[in-house]
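Listed features, source TrEMBL:
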type	residues	note
TRANSMEM	B:44-63	transmembrane segment
TRANSMEM	B:70-87	transmembrane segment
TRANSMEM	B:93-112	transmembrane segment
TRANSMEM	B:119-136	transmembrane segment
TRANSMEM	B:178-199	transmembrane segment
TRANSMEM	B:224-246	transmembrane segment
TRANSMEM	B:266-291	transmembrane segment
TRANSMEM	B:303-321	transmembrane segment
Amino acid sequence: MSTGSIDRRGALKLALSAAAGAVAMPFVSRTGLAAEPIKLGSLLDGSGALGLEGKRMIETTEYAVDLLNKAGGLLGRPIQLIAYDTQSSMQLYTQYAQQLALKDKVDVIQGGITSASREAIRPIFGRSRTLYFYNTQYEGGVCDRNVFCTGSTPAQTVNHIVDYALKHWGKKAYIIAADYNYGHITASWMTKFMKDGGGSVLGTDFFPLDVTNFSSAISRIQQAQPDLVLSALVGANHSGFYRQWDAAGMKSKIPVGSSVFGLGDELTTMDPSTTNGIVTCYGWYNNLDTPATKAFVSGMQAKFGADVTDLSELDTATYDGIMLWAEAVKKAGSIERDKVIAALEGGLSIESPTGKVTMDGATHHTIRNTYLAEPENRTWKILATFPDSFPADTAGACDLLKNPRTNKQFTPDLKG
Amino acid sequence: MNPALPARRASALGFAATLALGLAILFGAPHVLDTFGLVQCTGFAALAMFGLSQGFVWGFAGVMSFGQAAFLGLGGYAYAVSVINMGDSSIPVLLSILVPMAFAGLLGYFMFYGRISDAYIGVITLTVSVILFQLVNATSGSQYRIGTAELGGFNGIPAIPALNAPFHPDEPLDFDGIWYAAMGALILVYGFLRAVLAARLGRVIVAIRENEVRAQLIGYDPRLYKLIAFMLAAGVAGLAGCLYANWGGFISPTVFALPMSAQVIIYVLVGGLGTLVGPMLGAVLIQALIIAAGSQTVVDSNLGLGLVLVGFVLLVPQGLLPVARSAALRLVDRVRDPRPGKAADTLATESAR
Amino acid sequence: MDLAGLLAFNVLTGIATLILITLGLGVIYGMMRIINLAHGEFMMLGAYTAVMASGAGVNIWIAMLVLPPLVVGLIGLILERTVIRFLYGRMMDTMLATWGISLGLIGLITTLYGNVVRGVSTPVGSFDIGRYGASLYSLVILVTALSALAAMFLLLRFTKFGLILRATMQNPRMAAALGVQPSRIYMATFALGAALAGLAGGVLAPISGVSPAMGAAYIARAFITVLGGGPAIITGTGLASTLFGAINELVSFKTTPVIGDVALLTAAILLIRVLPQGITGRYLRRSL
């Protein structure tokens, strides 16, 4: 009991120092009550197909805003969180994005989970000139002065999975991916990394997010006889693949690497026999042996209950997005969009659960640690650490310092 | 005295009142509402037109289309793809009406001339919309493109250019302009459908709904008239799709999906089957309910929608508008004539269908 | 050769799955002419029953094969008494009401258990066809589907209850005149159909994710198969499932599951265009 409370206090202290930096104004929130609040808008799926992932991200958003407010808010003003549940519906993303931008007139927006949702709302915030943070590991390449992406991208993660696979499993891969832009672009990166490493890809199949029956897909894979399977399957329905793969006895025959597996609650809801050994690579794992990670996890558990055991990079990236923005506001001394962007482009860093996270001004992506890990009996076994990974994929095409008017998503060129 | 006379007069009165109200909203809204409210109302107008389409084909032609979303989606995609290719929005608006009509022509010919019974028509239209959803949903990847427009699969098409002044692509409409276009179009389509129903064509369509065999014996081909009604409704749904795409500047395969077809049926049922104003009213009401449900997390919005649907089927199968209207007429009647009036009842049963 | 074996096995599994998801709907439609749009949600409830029960420590086989039909049958009974029975003879209204029930059930389960995907693990392992692996659980599906079909046949053909059911279906007034209460029979039929849907949900739970909205994935397929099958419940369901299931599996294997689904639905629409009364409306009309 007593150790628990020490942990919690330690967590709070650490988080506070991370949030507030050197500025210690513990009583500002009391005196600053009269001040007009700064509005932080959040658009995340608390229900629907992505509700599982979104629920924790929503909690993280509340947690981070709480931390900031406890530390006295920003610029002497409290932060008001305006959050909408987009219910995994693109129509509601459009609806609420317009509401946040035009009616609530928020100062910053943090949110979006799937790449589809990001691409639906990005133009709306571009038009209304509302600063937007996208806090999810994703396929990379977004190059837009108004948008900052804090999650890891393929050059920081997928290449490590492919390297591991080429070294330990073999040269012939079969790729299965979700049928939308994330899956397509990630599959392209997988193909590129395989070929760069001297391997080959025997086949690539795409599955819409509502597919649950993978029996024909498993037969196709067996027919092709690959050495390994690379998966970019997304969401709850697709988790059926791993169950059916295990049920067909394929688990022991062909190893699997995945770019999204385990970001939800797969580790707690699936049998260890199904999950063990699926190699993944993310910017954070919830059992990293660092004080900051322990502080974050115990802080979240203190606020939302002890069953918060499935935190993932999606959550720390959300935390990073809010803290990077807060740091930039402090540095700029203003919440004006252009001043905050200038501060962020100046190479801002924060200490996050994953370690040091630095905003790369040219790409608006983060330089961060990434880790390779596989599930082992419901926890993650860390296989390797890659410190200060650079978002080389986006950087290959995007330089917002030189060309601030760029506004598009670059996709990998497979011809090279 | 002809008992239908007061009803007809009331109907003409209702038409005039609706038009006046519509025009008042059209010109009043931009002065009363802020930008966000106006954008919101533009969305309502688009969905109200979608409700109009279902209300016409189901309420007046008696064709139970369970897949009206197919035409909404086709219209939206036709607009998006063609406006991205052409730049100017004038022809794309026409295409958004014509493409769904042509598709409805083929599908309708297939169904109505194939002796397929009413319930089966419901399931076939539903299945067709599911097929379209799955096909469009599977068009991710840059190989699926029409001209310069990538279909985008599950992601849909973002950043669709808005309407512009006819044949002046460099003068795109602002939020106010799109509102005037959407609401104006809604009023025009409403007037158009009223005119159709008042004309011989409409009377034959309703007669076939009432008694198909008798209409056939008199010499009308029910298949042809059902086909015409089905195509008209598809065109209206397509235009609604075009407005819908303009509202968010975005369209995705979910416009084809089952919830969309379900919603529009609920609009009609709640507003009033067999009326044109009812479905529009229902659209605004239900849509407001869905949006309100999104800002709370205690109860899932589907639960509310489901209860509304079951409740209306069991308790108010004729919908809100006819109930309100017959209540009002009864009241008027009672003021004029102390004996219980027959006219109101005639109307009530007439619109209950 | 091994591949052909695997493929044949997959086709059989596909057919069995289609039979399972269609049978309950077919019973309700065949007997009562009600298109039950809540069928997918009845399956969902069955799947939830299986997940909850196995989570609570109930033997997995009981959780999958016994409890779901009982629980969902009971729910079907309650819904029939409270909603459906007021709408007999109003086909469109029953369709709408069952659609409302479908939305309501999705909402209810989401509110109670959250919109998350659960799953149970398959209780059996795998076996090899030549050098290919296949899931033993497919055999469970196959056996369950055939047993359900056979049980329905025996029930309708050889029991007094089955006789009364068929009589009521053919001529409710005559049956009523002979002392049968049609409303009782309709109640039993609806509960039976719901129970079959529950069974399908329970059996399919281990191979698909279990979530509030899972029913939507099955609904179009189940309908079109019932309509394609025509008025004879057992023969119709069996024949249509065989035809469409085979088309679906083979096309899926050659292309993608999406195209497979589209092929199934398109084939069914074409079939209904050629045979508006379904297969058994034209052939084998005297079958069950």
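Yeah, the Cβs are placed from backbone N, Cα and C, and that goes for glycine too.
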| remark: Lying 6 or more residues past either end of the transmembrane segment (B:119-136) yet within Cβ distance under 8 Å of it, the residues of that chain are 63-70, 73-74, 77, 107, 111, 151, 153, 253, 256-258, 261
| task | With a Cβ cut-off under 8 Å, give me the same-chain residues at least six positions beyond the ends of the transmembrane segment (B:224-246) that come close to it. | result | 42-43, 45-47, 49-50, 52-54, 56-57, 60-61, 63, 65, 68, 71-80, 92-93, 96-101, 103-105, 107-109, 112-113, 160, 162-163, 178, 181-182, 185, 189, 193, 196, 201, 204-205, 208, 255
| message | Does the transmembrane segment (B:266-291) come close to the transmembrane segment (B:44-63), meaning at least 3 CB pairs under 8 Å for residues 6 or more apart? | response | yes
| Distal contacts, the transmembrane segment (B:70-87) - CB-CB under 8 A, six or more residues away | 50, 53, 93, 95-100, 103-104, 125, 128-129, 132-133, 136, 146-149, 151, 157, 160-161, 169, 233-235, 237-242, 244-246, 251, 253, 255-256, 260-261, 264
